[in-house]
Amino acid sequence: MVKQTIQIFSRIKPSKKTTAVYSVDNDEPTGAFLEFLVPRDQAEGFVNNKRECYKFRFLKVFDQAVKQEEIFTHIAKPVADSVLAGYNGTIFAYGQTGSGKTFTITGGAERYSDRGIIPRTLSYLFQRFSQDSSMIYTTHISYLEIYNEMGYDLLDSRHEASRLEDLPKVLIMEDPDQNIHLRNLSLQQSANEEEALNLLFLGDTNRMIAETPMNQASTRSHCIFTVHVCRREPGSATLRRSKLHLVDLAGSDRVSKTGLTGQLLTEAKYINLSLHYLEQVIIALSEKSRSHIPYRNSMLTSVLRDSLGGNCMTTMIATIAVDKRNLDESISTCRFAQRVALIKNEAMLNEELDPALLIARLKREIQSLKEELAMLTGEQRDEQLTGEEIQRLEVLVKAFLEDPDPDVTLSMGPDMRKIQHCFSLLKIMIMGKQSAGNRHSDGEASPGNTVAVIQNSPCSAAEMTKLKEMMTQRDNEISILVKMLKREKKRFQDTGDQLANTPNGQSPASQSALRPAAGPPSREGSLDSIPANHGGQAIQMKKRDPQLSMGKQEAFETFMRDHEDRVTVEHNRELLKQRSAEARRIGEKLSEAKNRINELKKQLALQRRQRAALSVTENCPEVEAEVDPVEENLCKHIEQEKKFYKSSIGVLKALRTEIEHLQLLLERAKVKLQRDFHKWWGLEASSVQCEPCSL
C-alpha cells in the first residue's frame, strides 16, 4: 500500500498580451510557487478590498514557454509507470473555460509536436509492452462523456450516431460493497498503438464542442478516457489489473461575464453544478472530521470515487489563464488546487488470481483425488518413474497393441503415475501412425479413392448436403450481383444519352443534376485528396456525403481555398510526405545493413573454419587458441553494424508513430472540413431559396 497526497501541478496558458500580474519560482526546495500581484489601483471587484499578493504552492509550475513533451515527462510518465507496476492512476485537468485543459490532455489537432498526454501515454505504454517480453499484457480502452449529467459511450461500435443523444446512455450501478459499475460502457481491446489512437480519434469526433465567447472550440462536457491494463507472467495464475483515468473536465463559465444564452446557458448550468459538487467532495475529504462524503451528488464524482480519496495515485493539473480579465478565476482555480493537495489516497497493488486458471487447476486436483480414492489406495506417491519402470511400461504397451485378442487387458496396478504414462505412450503412437498415413495418402491417393473414402465415411451424407446448400446459396448470390450490374450499366447508358442530348444553353446546375452521383475524379484541394488513415485499421465513423455532384465539387474547391485550416492541412500533408520518404530511406539503409551483417558473418565463419583446418593439418592446437586479428576485426565490424541497425530501428519506430499521428490529424481535418462545408452549403442554399420569396 502506498499512501500519498494528490500531486498538484500548474500550467500557465500562453498569452499574446504582455502581462506582469504573476511570477513563478521553481527553485524552492519545498516546491514551486505561483504568485499573483494585484495592485489596488489595477484591481477589480472583490479583490480591491483584499490583499495585493496571492501566493500558492505546487509541486511544479510550468510557464508559458513549456512544451508538451516536458508536461508528459514530469506529470504523466510517473503515473504511467505506476500503472505498469499494478497501481491505479488518474490525471485530471481543472480550470476555467479556455485555459488549455483539452490541449494539455488530448493535444492540438495541427502539429505532431502538439500531442497531449493521452496520445503520448498510449505511445509510452505500448513501447514498454514491447520492451518487456517476460510479461503478457492485455489492454482495453473505454471513453465516457458526461454531458448535462448524462453519461454516453463514445466508443460504442453497434451504433452509427449522427447526434450525441443517439449514443447509448451509460448508467451507474452500485453493488453491496459500494463498488461502482458503469452499465452500457463498452471496453474495446487494442492490440497496438495504432488501434488505441483510432479509438481516441473516434471518441473525440463524437464529443460535444461549441463556440463560446471565451473559446471558439469549447468542450461542453466532462470526458474520461480510461486505459485498462492486465499484466501476467506466462503460465502463472497471478495477474495484476490496473486502470488509468485521463480526465478532461469542462471549464466553468461565469455567466455574468460571458453572457451565455439558450443551449449554451443550459450547458453552463450543468457544468458549473457538477464542478460545484466536485468541490464539495474535495472540501469534505480535506476535513478529517467529516464522516460522510457526498459522492452520489453527481455522476462525475461517482465515477471518480476511487480517484478522490480511494485506491489510486492521482495527479491534478491546474490550468491558468493569466489575462487580467481572468484573474479572479485563476485565483479561484489555485485555491481549489490547494484543497485538493490535502487529500490523501491509499493506492494498493491490484494483484489477484486469475479465476479461470484457478478453477482449471482445482478441477484437475479434484479429479486426481477422486481417481486415487476410487482405487482405494492410501499411499500418495509424488516421485518420478525410474528408467526401468518406463522401459517396462513401453514393453507392456507394445505387447498390448500387437495382441490380436480383443479381450486382452493392460494391467498396471493402482499407480496413477503408470496409468498416465501409458496413456501418453498410446497417444504418441497413434499420432505417429496418423501422420505416416497422411503422408502415404498424399502421395498415392487418386480421385476415385478419395471419393470412395468420402462415401464410406460416417458423416459424408450430412457434409454433402451442407456443401450442396452452400453452392446453391453462392449461385443465388452471383445471380443477384449479375442483375444489379446489368441495372447499373443500363442506368449509366441512359444517363450518358441524356447528357448527349442536353442543349448548350442549359444551366450548369441542371447539367450537374443529370450527371452520375459518383462525380468526377478527385482534384487538388478536394476531400479525397487528403490522405486517409492507410496505416491499417480504418476509422469507424459515420461518413457524411462522400460523393459530391459536379456543382457541389466546384463549390467545395472554392470553400477549401478560403478555409482557415487550408494552410495547416497543406503543411501536414507535406510533412507526411517528407516523413514517409525519410522512412523509406531508413528502410533501405536497414536492408543494406542487414546484408552487410550477413556477409560479415559468412566471412567470420569461413575464417574460423580455415583456422580450425590449419590447426588439424599442422597438428598444432595453439594456432586455434591464438587471437586472430582478422577475426577480431570482423567481430568489431559486426558489432558496429548491429549498433547502427538497432539505432535505425528506433528511429524508424519513432517515424512510424509520427506518420500515424499525422494521418489521424489529416483525417480529423477532413471530418471538420466536411462538417463546415455542409453547414456553409446549407446556409447558402437557404439564402438562395429566400431571395425569390423576398422579391
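Using the three backbone atoms N, Cα and C, a Cβ is placed for every residue, glycine included.
Given the structure is predicted, the values throughout are model-derived calculations rather than measurements.
The feature domain 'Kinesin motor' is assigned by TrEMBL to 5-343.
Annotated ATP binding site per TrEMBL: Gly95, Gln96, Thr97, Gly98, Ser99, Gly100, Lys101, Thr102, in sequence order.
For 491-547, the entry in TrEMBL reads region 'Disordered'.
If you look up TrEMBL, you'll see 495-513 marked as compositional bias 'Polar residues'.
As annotated by TrEMBL, coiled coil applies to 583-617.
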* Structure fact -> Top of the binding-site residues Gly95, Gly98, Gly100 by count of other CB atoms within 10 A is Gly95
* To what whole number does the mean pLDDT across the coiled coil (583-617) round? -> 83
* **Other CB atoms within 10 A, centred on Thr102 (ATP binding site)** => 25
